[in-house]
Every structure is written in structure tokens, then in C-alpha cells.
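The next block holds one structure in the form of C-alpha cells; read it before the comments.
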Amino acid sequence: MERLADRVILVWGFKRSLLAIAAGAFAVLALPPFGFFAAMFLSFTLLVWLIDGAAASPDSGLVGRLWPAFATGWLFGFGYFVAGLWWLGHALLVDQDEFAWALPLAILGLPACLAIFYGLAVALARIFWSDGMGRIAALAAGFGLMEWLRSVVLTGFPWNAIGYGMMPVPLMMQSAHVIGAMGVTALAVFVFSAPALAGTRQGARNGTALAVLLFAAHLGYGAYALYVAPRAEALPEDKRPVVRLVQPDIDQAAKMDNDADRNAIFETHLKLSAETPKNGGRKPDIIVWPETAIPFILTDNQDALTRIADTLDDNQILIAGAVRAEEMGPGTPTRYYNSIYVIDGRGQIIAASDKVHLVPFGEYLPFEDLLTEFGIQNVVEMPGGFSAAVSRHLLALPGGLNLYPLICYEIIFPDEMTSDIEDANAILNITNDAWFGATPGPYQHFQQARVRAVETGLPLIRDANSGISAIVNAQGEIIAGLDLEQTGFIDATVDRFGLEAGTTFPRQTYFWLTEALLILIALVSRRGFISGLN
């Protein structure tokens, strides 16, 4: 092991850059749809050894001393994000005549920008670097901090945070309920980096023992949470509301075609909603359609509301994604919102919620006045783009069920869960992942949604146009679901009483405590290392 470590530490030039990129790319095997979490042991072991060799002249100043470490982290991140996000280019090929030119920006440009966070994580860790356990603690703290920053800087984009590689199955997701996904990221980097200690001997015994203990605690808490969950207070099966998820699997190109038969798309949703329950099951109390399922402005189409009323029973509720238009008065452009409507059995809209966190360059154009001068436009064709809602609120349904609405990629942001999550009975996530076809993207999106359920202790109702649609319990376990690119529906019950829902505050507190402990370990280790040199 020491010989291998020495070879990696001493590698230089192009081979060093290639090895850093390859290590980052290999780590993606830990993410959906693969879920091979052991891949990250190799990736982070190589990263630690590469940082060991990222030396600079002591006279080169702070920036000069940290630059080799930053470059190593950036190369690792570039490989990770190119391998993990290449599928974003698929969305640009839906209308390739308009957007194919942007493929290099999506496949290489975005990863290059996101990799800056990993470069900063490694540079920060290098400040506390020492020849022992402290260096993997410093690396874990650096990644934890930078993954958190990645979720909040500018509009934020925490997709594929390292921690998700340590949460491939519900058993390994439960720690997120305590320390959140970012806390699991810090834990994961420490554990995945531990084999690197065997290559330098210094601190290997204590560091490895601590990593094994933390990993065992991670698994042990997961087993405990899954064991006690079925014993939590719950409604009897026949008293739980039945939810139908409609998955029409309509091709995105057809949805964007201005000449498409929009009534046919609408009727597809109605037909699936009216299907007889399978195996003699109860009729659904709630029917859910995916994001932007209604292919026209619903409030301008009374016939469509009448068709919905004809399809629903009096006591049924439809929750549907739609574009909402808001007239602003003479001389002011109409505002459009990516919205959720709640419609009762009489065809009346009884509640609505608008998307707060819009997708840059997809639903709105940052610096619009400047960029439109260069011919750059939104992927979603909407005059002026979508408008963002100021805040979101619970969807209160008849019968006392409160849903916390998140549209599309809003579900990937841990900090989107505000304090009113405590009053929710379930998370509602509607999305349209047909943009990305049968690529890893929809699988990654679904995993992050499952982790939000675990974090909050709430069941998840997730409906996607082309999949993956599912009812997920508060422990991230799939109760019922439809896989990618399947057409159909599922009926399942949703228990209103899962584990007690937490707030964002305790998880954030425990995350920062985790960060502080890791930095303390790094400082103590470095102090001991420096003392040993004197």
C-alpha cells in the first residue's frame, strides 16, 4: 500500500491531471443508477494521495502554496461533474436546431464552474494538512462546507453532492434525518478517505478505527430507524387516503410542438385518471398529474374544467401541474408561473401554489437584457420566461391533509424546507424529467427526492411525466412506483402519521457541529505533527 501511495504522490504533469480527472469520474459509479458506493473509497484514497503530492515552494506566498491543491481538487471535480451531469445535454437535443450550440457549455462549461467548489474544498483542506488522520478530517470539513456553499451560492445547484454516494439504499439514508445530506457528505468524505491512511502509516490505526466506527454508526442508526418506523403511530389501512399517480410518458418534443394536439395530451391524462382501480382496490381520493401536465392556460379554458369535473367523482381531488397566467394590466406583460392547481370534483380550482426556485437558462434568463443581445434564450419558450413566486405555502386539501409542494428540481435543495414543513403531512413533488430521456438524470433526481423524505420524516408523493413516479415513506422506502418511460398509473395509500417531522434548524445545527469537530480533529492533528517536527 505504501508503494502504491508513493507512486501516486510522485506522479506529475499530464499523468497527474489525468489521474485526478479519472478519480473524480470513477466516483460517479456510487450515484444512481449504479449505486456502487465502494467506488468512492478508491476515488477519495487517490485524491488524498494526490493532495499529499500537491507541494509548492514555501516562498510562493499563500495563493502559490495552495494553487497545486486547488488545481488537484478542480480536476477531480471536473471529472466528477462531467461524468455525473453529461445527461444535461439531452435536454438541449429536444430542440437541437435551437440549442445544440450550447452542448459544450452544458457538458463541459457547467462542470468546469462547479469544479471550482471542489478546488476550494481541497485548497481549504490543504491549510490544515498534516501527515495523519487530520488531513482526512480537513478534507471532509472542506467538502462539507463547499457542498453547502454550492447549494446556496447564486441560485444554488447541489445536484450529486458527495453524500448521495453514501446513501444508495434506505438503510444508508437514515443519518440524513439527523445531520442532513450535507452532514452525510462530510461523514462520507472522512470514511471514503480513510484507506489513504494505510499508505502513509502515520495515524493509520486511530484514523481507520474512527472511520470504521463512524461507518458502523451510520449503518447502525439506519437499521434502528427502519426497525422502529413500522411501530410508529399510524392510521388503519382503510382510513388512509388513496393517491393515484398518473404517468402519461408524453415525449418532450411533442409537448413543445406548437402544432401538437393539446387536447389529445389532455385526454390522455383524463383517461388514466378514470381507469378502474387494479385488483379491486378502492377508488383514489387524490389524483396527481405531473409538472405542466395541462397543455394550455386552464383558467382560460372552461371546457377543460368541465371535462375534469366529468371525470372526477364529487369527493375526489385532482392535483395538476400547469402554467398559470397573471394579467398585470394595460401596458404590462403577462406574468407566467410554473404552478400546481388543486381542483375539486365540481371542476373548481380550490388551491394553487407557484414555483419559487426557477431553473436558470431553463425557466428564466439571468441578465436577460444583456444575454438576449447575443441571441441567448430560455430552453422553455415562454414570453419573458417564468416568474418566480415570492414564497410557497402548504396546499390544504379537504379532509385535513396538508401537502408541502415542490416543483421539479426544488426537491434537491435541503434548505427549501421552511418552518411550515412541521404542519405538512407529506411532501408533494411533481416534475417532468422527459427532458432527459433514459439517462442517469431522472434516477439521480429521484434519489435526492427520497433523501428529502428521510430528512423531514415525511412521506413523499412524487409524480413525473416520464418517471420515476412513486409513493415513498418517511424512511425513503418505495411503497409503489412506476419506472422510467412507462405509461400508466399507480394507486397507493399514504399514511398521514410517519415519524415526527423535524425542522431545518436541528439538522443545520448538527451539520455545523460535525464541521466544527472535523476542523478540531484537523487542528489537533496538525499541532501534533508540527510539534513532532520541532
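Note that Cβ sites are derived from N, Cα and C of the backbone, with glycine treated the same way.
In the three-state DSSP assignment, the secondary structure recorded for GLU291 (active site, proton acceptor) is coil. Around GLU291 (active site, proton acceptor), the same-chain residues six or more apart in sequence whose CB sits under 8 Å from its CB are GLY321, ASN338, ILE407, CYS408, ILE430, THR431, ASN432, ALA464, ASN465, listed in sequence order. Per Swiss-Prot, active site, proton acceptor is recorded for GLU291.
The active site annotation in Swiss-Prot covers LYS355. In the three-state DSSP reading, LYS355 (active site) counts as coil. Cβ contacts within 10 Å of LYS355 (active site), excluding its own Cβ and spanning all protein chains shown: 26.
Among the features that Swiss-Prot reports, active site, nucleophile is placed at CYS408. All protein chains shown were included, and the count of other CB atoms within 10 Å of the CB of CYS408 (active site, nucleophile) stands at 25.
Swiss-Prot lists 246-496 with the feature domain 'CN hydrolase'.
What Swiss-Prot records for 18-38 (among others) is transmembrane segment.
If you look up Swiss-Prot, you'll see 39-59 (among others) marked as transmembrane segment.
The feature transmembrane segment is assigned by Swiss-Prot to 74-94 (among others).
Positions annotated as transmembrane segment by Swiss-Prot: 105-125 (among others).
If you look up Swiss-Prot, you'll see 127-147 (among others) marked as transmembrane segment, on the strength of sequence analysis.
Look at Swiss-Prot and you will find 178-198 (among others) tagged as transmembrane segment. Under 8 Å from some Cβ of the transmembrane segment (178-198) lie the Cβ atoms of residues 1-2, 5, 40-41, 43-45, 47-49, 132-133, 136-137, 139-141, 143-144, 147-148, 151, 158, 161-167, 204, 207-208, 210-212, 214-215, 218, 221, 414, 448, 451, 455, 507-508, 510-511, 514-515, 518, all in the same chain and six or more residues away from its ends.
The transmembrane segment annotation in Swiss-Prot covers 209-229 (among others) and rests on sequence analysis.
Feature annotation from Swiss-Prot assigns transmembrane segment to 504-524 (among others). Within the same chain, residues 125, 128, 130, 133-135, 137-138, 140-141, 144-145, 148, 177-180, 182-183, 186-187, 190, 414-415, 417-419, 421, 455 sit at least 6 positions outside the transmembrane segment (504-524) and bring their C-beta atoms closer than 8 Å to a C-beta of that stretch.
The transmembrane segment (39-59) and the transmembrane segment (209-229) are not in contact, since fewer than 3 Cβ pairs between them lie under 8 Å (pairs 6 or more apart in sequence). Packing against the transmembrane segment (18-38) from elsewhere in the chain are residues 8, 11, 44, 46-47, 50, 72, 75-84, 118, 160, 162, 164-166, 168-169, 172, 440, 443-444, 446-447: each is 6 or more residues past its ends and has a CB under 8 Å from a CB in it.
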